[in-house]
Amino acid sequence: LLNYGVFFLLQGFICGFSIATGAAARLLSGYDSYGNICGQKNVKVEGIVNSGLDLTHKKYVFFLDPCNIDLVHQRIKSLALCVSACPRKELKTLADIQKFAETNGSTLCSYELQSSEYTTDPRAAKLCPRYPVPESAPIPFFHRCAPVNISCYAKFAEALITFVSDSSVLHRLISGVMTSKEIIMGLCLLSLVLSMILMVIIRYISRVLVWILTILVILGSLGGTGVLWWLYAKQQISASGLETQIAKDNLQALLIYAIAATVFTVILFLIMLIMRKRVALTIALFHVAGKVFIHLPLLVFQPFWTFFVLILFWTYWIAVLLFLGTTGSPVPNEEGFVEFRMVGPLKYMWWYHVVGLIWISEFILACQQMTVAGAVVTYYFTREKRNLPFTPILASVNRLVCYHLGTVAKGSFIITLVKIPRMILIYIHTQLKGKENACARCMLKACICCLWCLEKCLTYLNQNAYTATAINSTNFCTSAKDAFVILVENALRVAAINTVGDFMLFLGKVLIVCSTGLAGIMLLNYQRDYTIWVLPLIIVCLFAFLVAHCFLSIYEMVVDVLFLCFAIDTKYNDGSPGREFYMDKVLMEFVENSRKSMKETGRAGGAEGRELKPM
């Protein structure tokens with residue numbers, strides 16, 4: 001915890017250093033190509049003309065050629081000046097630029113030219129903006145004049161989106177998103193509402209939830225696939241030689257979606273056919289988890305506050321990163337303009353800042369896991385549920401802050417140690433793309449895959465270690481060892497419970513995505529003649545999956561905590577007087593039924609059956 005505190009203080013030092021060196025003022029107010037900060041008096045930079053000016057009344061940064069974008073360094077490669085007002089209409093000639101300067105008092109040419117010399121001085125061709133000057137408006141809070149028509153940034157967007165080879169395709173995709181933005185927002189809200197409804201259903205009808213989910217997913221998959229093929233057939237029949245390019249794109253997208261939905265439905269049916277005998281075993285565990293949510297309703301809101309805290313931290317992190325991008329000492333570049341660069345060891349501060357992003361984000365997520373684990377442990381090991389604390393969630397947060405912050409810091413640090421090498425390898429693989437040989441590429445991908453698997457295993461072990469800490473109040477390493485031993489001793493039960501339980505929660509996510517996607521298909525279908533809706537539908541489905549994952553991951557966490565509590569309960573208690581079980585009867589029936597089922601399947605080989613000892 002002390003190490004984490006020192007690390008956190010150094011993060012604050014980076015923020016304070018960037019602000020103290022003027023980076024905040026340069027970021028928010030903007031600066032010109034001569035190192036002058038707009039809207040204030042400036043200090044002379046040695047060797048730079050036009051530096052040290054009093055620009056108190058010139059508060060906006062204006063780029064002479066805002067569409068000249070350096071794709072390599074991803075920045076605007078243009079002379080920047082401080083002006084008193086952005087041109088709110090298009091200026092087509094030097095005479096228009098001169099008239100704008102005389103009318104608004106905002107000179108858009110370099111400082112050494114007077115407005116009266118714009119049309120007579122031959123230097124105006126280099127020192128004045130490239131015309132026609134596009135209509136622009138100041139960016140809120142950042143005082144930069146940005147063109148109102150962003151078409152000149154299309155080349156930059158095409159460079160970032162490498163899979164688009166035709167700029168017309170990119171323009172149609174972007175126009176489709178902009179035209180359908182109200183529908184996209186409505187469908188995103190629908191996915192949020194559906195996730196909340198599913199959480200309520202899990203709480204109150206957990207006994208029949210598994211069968212309801214199974215039936216709805218089957219109907220949803222068949223219905224979605226059928227609707228896609230129906231729409232494809234309908235549009236193909238009504239197609240004519242005069243149809244637009246957008247209609248052709250939509251027809252091709254419908255065919256791809258229909259084929260993908262058909263393949264997905266077949267695979268889903270095969271998986272459900274294989275797991276049909278184990279579906280009934282999940283009902284009891286879901287029932288117990290439903291009881292937890294009835295007694296601890298605040299668990300539903302855990303994704304909200306975690307997401308809120310993460311958003312606050314990410315906003316702070318991005319702001320400091322921008323500060324670091326504008327901090328440093330003024331240095332003349334090869335073009336004779338000013339750039340701000342850090343020299344010496346300070347130029348590596350952004351690496352430390354990136355590590356902070358990973359560690360602190362993992363720390364916040366680990367705090368959520370510890371809070372949920374503490375609340376569920378309190379519920380499980382309280383024999384009389386009416387004696388539960390008034391707010392077990394707040395009691396768990398209090399224990400976390402008072403006793404377990406070091407445990408959470410250590411667990412998140414271990415994940416960080418694995419995540420950083422994986423990100424470095426991904427960066428190296430990206431930089432060497434197309435340059436390395438096949439053997440090196442294969443080795444890099446294998447290392448990245450191994451580190452990803454290790455990260456997932458450690459994340460699962462950390463979550464169970466937090467549960468063991470909440471039960472026994474032991475340190476992280478002791479809790480991780482105890483949790484690992486318990487999981488190994490109950491390997492078959494872990495496989496049975498987690499496989500079926502996670503699969504059913506996955507079906508819940510599929511249900512939300514299918515429902516949102518089906519609604520999106522029906523709504524966007526009315527715009528098929530003038531809007532290409534491939535990208536809007538992908539955006540909606542991705543958002544629906546993320547929302548469903550955030551909500552149902554809490555349910556998955558509760559199931560995992562309940563199982564570890566049960567395993568520890570059966571290890572140290574046998575039901576005799578003085579050593580009574582804490583578990584719910586329904587959970588005991590679930591595990592007993594699972595044990596009997598696996599015994600029956602293991603009789604042929606005998607090996608697995610001998611591993612299942614009676615409780």
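For all residues, glycine too, the Cβ spot is worked out from N, Cα and C.
Quick caveat, the model's predicted, so the values are computed rather than measured.
Counting same-chain residues at least six beyond the ends of the transmembrane segment (6-28), those with a Cβ under 8 angstroms from any Cβ of the stretch are 37, 40, 141-143, 316, 320, 322-328, 340, 346, 349, 352-353, 356, 359-360. Marked as transmembrane segment by TrEMBL: 6-28 (among others).
Feature annotation from TrEMBL assigns transmembrane segment to 183-202 (among others). When Cβ-Cβ distances below 8 Å are used as the criterion, the transmembrane segment (183-202) is approached by residues 177, 209, 212, 286, 289-290, 293, 300, 508, 511-513, 515-516, 519-520, 523-524, 536, 539-540, 543-544, 547-548, 550-552, 555 of the same chain, each at least six residues removed from its ends.
Annotated transmembrane segment per TrEMBL: 208-233 (among others), in sequence order.
Positions annotated as transmembrane segment by TrEMBL: 254-274 (among others).
The transmembrane segment annotation in TrEMBL covers 280-300 (among others).
The transmembrane segment annotation in TrEMBL covers 307-328 (among others). Same-chain residues lying 6+ beyond the ends of the transmembrane segment (307-328) with a Cβ under 8 Å from its Cβ atoms: 14-15, 17-19, 21-24, 26-27, 31, 340-343, 346-347, 349-350, 353, 356-357, 360-361, 364-365, 550.
Residues or ranges marked as transmembrane segment in TrEMBL: 348-381 (among others). Residues 4, 7-8, 10-11, 14, 17, 292, 295-296, 299, 302, 306, 309-310, 313-314, 317, 320-321, 324, 342, 388-389, 392-393, 395-397, 399-400, 404, 407-409, 411-413, 415-416, 419-420, 423, 462-463, 466-467, 469-471, 554, 557-558, 561-562, 565-566, 569, 582-583 of the same chain sit 6 or more residues outside the transmembrane segment (348-381) yet have a Cβ under 8 Å from a Cβ within it.
Feature annotation from TrEMBL assigns transmembrane segment to 503-524 (among others).
Positions annotated as transmembrane segment by TrEMBL: 530-552 (among others).
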